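To start, the structure under review is shown below, and the notes come after it.
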Amino acid sequence: MDTFLFTSESVNEGHPDKLCDQVSDAILDACLAQDPESKVACETCSKTNMVMVFGEITTKANVDYEKIVRDTCRGIGFTSADVGLDADNCKVLVNIEQQSPDIAQGVHGHLTKKPEEIGAGDQGHMFGYATDETPELMPLTHVLATKLGAKLTEVRKNKTCPWLRPDGKTQVTVEYKNEGGAMVPIRVHTILISTQHDENVTNEQIAADLKEHVIKPVIPVQYLDDKTIFHLNPSGRFVIGGPHGDAGLTGRKIIIDTYGGWGAHGGGAFSGKDPTKVDRSGAYIVRQAAKSVVASGLARRCIVQVSYAIGVPEPLSVFVDTYKTGKIPDRDILELIKENFDFRPGMIAINLDLMRGGNSRYQKTAAYGHFGRDDPDFTWETVKLLKPNA
């Protein structure tokens, strides 16, 4: 049997880049909760004893940026300098300006345009992907790496493994076969976990606890065999972590946020951006389109691309490829997609309810992936049943 190996990685919520994504999206949530028309482009960076938020925000909301930063860091578990950041005593720097009036007039006419007239907030191209290899219609490598990261955080917060600290990374290699263009997982080849830990735990206990409390509950037993390779904290020491170990920045984990290296990526990040930014809303609508194609049984695997020009509502192009797994020709699937999905940014925001913030709606997306999540707030995961035209 001809097989190949493919690998995806993830980082958990205490990774410095992911900390920054969560702060940026927590600020977006706060703005949209009070003013759904908020225009937000919020970046965050962090290093030892410091978090800075900066960017362009035009909103009627009254937002306490410093409180949001501290609350978000505290919620992740950054409560002392020992673990990488002290939420209550670190420096918080804020440099927020209004959205450029040049952009405002071109995109939304200073809030005068109707939803169907709102232009894209920038140029760019976005991809959506779906595959039938998991119930989530997501790549197995990405699903397993992401779930390992989430489980690491769970057993840290519930004190199952009290030696754990917030920062951590995971990586999973799966052996696949190609079945006429569809991806069929055979076995897990390698599992890698590097997690921050306290001074006192031994490497032997780290390995034993990770196997028992993280790997065993997450990796389906049918994918493990006696040849599966485990690299558990292979560097031998990971005490210094979080922003103390590495600088963090919003938008540096775009593959972890999407499909783990499968499909394709247009390069635009998600976090801290309101729905007029097609980097986010465009990527959400093409995920819904690709997922709907696979869920409707029209293909086993699907990628959809959309592209935009700044200030122009209609997309410049829509593309679909089913990797030769389509039950009908790709050109017919493309027509179905165009008939069933409105790619204009203002209409995406309405149809996917993207102007609703608050209750950590966007902050939730900023750790453990934007796609394949079973959560009603992830409206783009809702399948539209697509039926071929007679």
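Placed from the backbone N, Cα and C atoms, the Cβ positions cover glycine too.
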Out of E56, E136, E204, E314, which does Swiss-Prot tie to the same L-methionine site as Q99, D246, K277?
E56
By Cα-Cα distance, the member of binding-site residues E9, E56, Q99, K277 nearest R237 (ATP binding site):
E9
Sorry to bug you, but what's the C-alpha spacing from E43 (K(+) binding site) to D246 (ATP binding site), rounded to the closest Å?
17
If you draw a 10 Å sphere around the Cβ of E43 (K(+) binding site), how many other Cβ atoms fall inside it, taking every protein chain shown into account?
22
Integer Å value for the Cα distance linking S235 (ATP binding site) with E43 (K(+) binding site) is 31
Under a criterion of Cβ-Cβ distance under 8 Å and sequence separation of at least 6, what residues of the same chain contact E56 (L-methionine binding site)?
K39, V40, A41, I96, E97, Q98, Q99, S100
